[in-house]
Structures are given as C-alpha cells and as structure tokens.
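First the structure, then my questions, so here it is.
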Amino acid sequence: MTDQTATPRSFSASVPLKGRIAIPGDKSISHRSLMLSALAVGESRVAGLLEGHDVLATAAAMRAMGADIARRDDGEWRIHGVGVGGLLQPRGALDMGNSGTSTRLLMGLVASHPITATFVGDASLSGRPMGRVIDPLTQMGADISASPGARGAKTLPLMVRGLAPAIPLSYRLPMASAQVKSAILLAGLNTPGVTEVIEPVPTRDHSERMLGAFGADLTVDIDAGGTRHIRIRGEADLKPQAIIVPGDPSSAAFFIVAALIVPGSDVTIANVGLNPTRAGLVEVLKAMGGDIELLDRREIGGEPVADLRVRHSVLKGIEVDPAVAPSMIDEFPVLFVAATLAEGRTVTTGLDELRVKESDRLAVMATGLKAIGARVEESQDGLVIDGTGGDPLAGGATIAGHLDHRICMSFAIAGLVSKAPVTVDDIAPVATSFPNFEALLAGLQQ
C-alpha cells in the first residue's frame, strides 16, 4: 500500500557490522509503565521510555483521561497519576494510531471506570480483530459497540462504555494473548473482589511483574497441569514508582539476525530485556548454531537484562517447536530472513496469530521472500524455508511493507545479504516502534 507520503528505501549488500549499540526501550514495558503510573497516587518517573508512535499514543490517551504526563529535557518522563478509579471522561476520541497494544489494554482500563471512550486508529489497526478483548470485558459489564470488519470481525472505530463497579470474572483465555490477559487484569484493578485469568499457554508477563511492583494485590499460581492462574483483587491503591525500561528484545531481534547473517560481523547490543516469556528468538537462533553470548546478566525493575554479543555464524535449519511461538511471536518475520540463509530446511508451525497482526505476516513474508529469491512454502499456520547455506539472496525487488513496521525492518535486513538491492516501499511505519533503526544500522556499517 503506497500513498503520497510513502518513503521508499533501498538496502544493499553490507560490509561487516561492527560495534556496540543501545536499542530503544521495550515497547510492552513502556506502554504499561505509562498506564500504571497514570493510575498510581503520586508522581512516578520513567527512564528509557520508547518514544515511538505507539507509546506516544498511550501517553496522549492517558493525558486525555486526566493524568499529568510530561517529558523532561533529560529524557525522563514524570507522571502524576489520578488513582485507580480516577480516570476522567476524555473530551474527544482516543487516537490509537497503529497501536494494537494501546487499544486493547486501554479498553480494559476504561471498561471498569464510569466513563465512555471512543477508540479510533489508522487503516491497518482498523482492520485488526478486537472481539477477543470485547468478549471478556462485556462479561465484566462494559457496553462495547464496534464496527463490522472482514469475516465478521469486530473492529475500530469502537466505543467502550465502562461500568463501575464492574463485575469480577474468572476467564480462561481461548488463545495465547498477553494483550487479552492484560486488558482483563487492568479492568480488574477497579473491580471489587477477585478477577482471575486462566492461561493454559504462558505469554509475556510484563503486566503481572509491573502490577506487582506498583503494589497491586496480585497472585500467580501454576497448577499441576502447568496452567497459570493469575488473580487480582481490585480497588487497591497503586504506589508511584521509578522505572528504568530495558531495551526491547523485539527491536534487538533485527540486529541479532543481521549480525548472524552478514559475514564478518561482531555486534554487541547493550541492555536487552530477556524476560523468559520474550526470549524465544535467542534460544531458537542458538539452536540453529548462532553465536550469541549473554554478558553482564542483571535485573532491572524486576526484569532480567543482559548485553548480547552476536557474531556471524553458519546457521542450520531446524524445526521450530510451536510451543515457543508465544515467546517470540513478533520476531518470526526476521527469523524467516535468518532461515533463508541457513543450511537446510527450517519448518515453522502454530503461527495462526501472525495472520492477524499489523498485516498477514505469513503471507506477506512468504510473498516478499520469494520475490528476492528465497525458497519458501506457505502453509496454513507457518512457513517452510529451504536456506541457501549462506549464499546471498538474489534481491532486486521492491517489497510491499503493508504499513507493518516489522515487515519493513525484516526486509531491510534481508537487503544486507542480497546481491541486488531490496527496496521497502515505505520505511515510515518503522517509527511506530524503532525511530532510530536506520541510524543504528548506518553506525554499525562505518
């Protein structure tokens, strides 16, 4: 999809990548730090916040509902919260831009407050399904009117009329979704009694960690079958916090793969969050033979962090265990790029969720990789990729990024190992999650 404001960009065969970089703050943690700070009583401070379009949409929405949020000249953010139950009626629609995380989590917050909010977004976000969040929030008493989308999906624009007091519930997640889980837990903050989420497959647990750090009455139990039971007792005050946001592993993924596949590369990526529910890509790439060293392991704000040293490696194709998918769901597009240069066949399954991301990431990656000379077969729930054994790809194509930041960056990395340049039709969407992506890449090529 292109328009008058599209910014095409070509990426060519690269010199070895060398150096040390710090990537932007984790997107998931940045969203949640703003939301919970805005519900605390008092002033919270956040350092290292990701200042991409998605997180700024969350900041604007929390301001619109009464929180005092300001960025200082030194980059630290100060948030004066309104307290749980204190959200105010926004005057206008809340513009979510391209951010599915902002939309789904804020729907949860609004659902248990006595306010009404209209959510709007860009063309990409307005095609994404919201029914998975609407169902549990409706059971808690919220009245939600959504727009009809393709194949019966409930989409933006939508209106949430919150109910206070909301109705606590016990909800078993029908699919692995950290966003649905988080929406219910955030709704539970202002709901009397205990709200429970039953999670058969673990997903990223930033919400649970951060809710605990802010003083929410939250417990996590794992039953004999490995199912997680997350319970939150509502109407407890949240205490303001000082938060340091670690580097985003989903952003680090692009430079991890680039360093592995560009011959002669040796890159250190500082301060990467390695939450076990997010670290699947590192484990999969190591299993493929990737030389990834974890240095100076430490913990910051309840989150495990390390510096990653990554060196060019000969990768081997593997069959990726579908159980690992939730811990790297956003990293599969760039893993597919790595697989195109591996020796042998890489098989991925269980990735239905990729079809309802910012784009249908399975179809878009399969089409684009074929266009630049990769051998790819698309199945209903994954891709099968036969790698080149390290030989460069043909390249020489223009790729439709479909306004999807991770697609755009994945093909940028593919261009670094292609004989002819790979052109991304519009690089602008990268700003949603990684505003300085191109600058960091250029720095490693010096």
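Positions of Cβ are set from backbone N, Cα and C atoms, glycine also.
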In Swiss-Prot, the 3-phosphoshikimate site includes K27, S28, R32, S177, Q179, D330. Which of K154, K316, K357 does it also list there?
K357
What three-state secondary structure does DSSP assign to R361 (phosphoenolpyruvate binding site)?
helix
Which one is it, among the binding-site residues S28, R32, Q179, D330, that lies nearest to G100 (phosphoenolpyruvate binding site) by Cα separation?
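Going through S28, R32, Q179, D330 one by one, the closest to G100 (phosphoenolpyruvate binding site) is Q179.
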Taking DSSP three-state, what's R128 (phosphoenolpyruvate binding site) in: helix, strand or coil?
coil
Please work out which residue of S28, S177, Q179 has the most C-beta neighbours within 10 angstroms of its C-beta, and give that one of the binding-site residues.
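When each Cβ's neighbours within 10 Å are tallied, S28 leads.
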Given the binding-site residues R32, D330, K357, find the one whose Cα is closest in space to the Cα of R128 (phosphoenolpyruvate binding site).
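When the Cα distances are compared, K357 comes out closest.
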Please report the distance from the Cα of D330 (3-phosphoshikimate binding site) to the Cα of R361 (phosphoenolpyruvate binding site), rounded to the nearest angstrom.
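Rounded to a whole number, the Cα-Cα distance is 10 Å.
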